[in-house]
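Peer 1: As annotated by Swiss-Prot, signal peptide applies to 1-19, with the evidence given as similarity to another entry. Swiss-Prot lists 22-84 with the feature domain 'LCN-type CS-alpha/beta', giving sequence analysis as the kind of evidence. Annotation source Swiss-Prot lists disulfide bond at Cys32-Cys83, Cys36-Cys56, Cys42-Cys66, Cys46-Cys68. The asparagine amide annotation in Swiss-Prot covers Asn84 and is backed by a curator's inference.
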Amino acid sequence: MNYLTMISLALLVMTGVESGVRDAYIADNKNCIFTCYRDSYCKTECIKNGAETGYCIWIGEYGNACWCIKLPNKVPIKVPGKCNGR
């Protein structure tokens, strides 16, 4: 049993699992994306919300939208479905 625990722990360390963060399209509390035209805007918004960095994805799945790297789980992200505010 100890071997199984040690192997599992080693795999987690080797794969670099970071709990509490993810890469995603940042959204407001109404599931609306942050529309962008410049990387600097997204970088500012992402960092302000606790991400490592961010950039603008042009003509992506949701149009021109901000993509954040290592965004905390507490920050809303775009989920499938409509924007409820526009």
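Cβ coordinates are placed from backbone N, Cα and C, and glycine is handled just like the others.
Show me how these features fit into the shown structure, please.
Peer 2: Listed in sequence order, Lys30, Asn31, Cys32, Ile33 are the same-chain residues at least 6 apart in sequence whose CB falls under 8 Å from the CB of Cys83 (disulfide bond).
Neighbours of Cys36 (disulfide bond), defined as other CB atoms within 10 A of its CB across all chains, total 22. Secondary structure from DSSP puts Cys36 (disulfide bond) in coil.
When secondary structure is read from DSSP and collapsed to three states, Cys42 (disulfide bond) falls in the helix class.
Long-range Cβ proximity for Asn84 (asparagine amide), meaning a same-chain Cβ under 8 A and a gap of 6 or more residues, is found for Lys30, Asn31, Cys32. In the three-state DSSP assignment, the secondary structure recorded for Asn84 (asparagine amide) is coil.
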Peer 1: Tally every other Cβ atom lying within 10 Å of the Cβ atom of Cys32 (disulfide bond).
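Peer 2: A count of 17.
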Peer 1: Give the distance between the Cα atoms of Cys68 (disulfide bond) and Cys36 (disulfide bond), rounded to the nearest whole Å.
Peer 2: 12
Peer 1: Among Cys36, Cys56, Cys66, these being the disulfide-bonded residues, pick the one whose CA is nearest to that of Cys46 (disulfide bond).
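Peer 2: In terms of Cα distance, Cys46 (disulfide bond) lies closest to Cys66.
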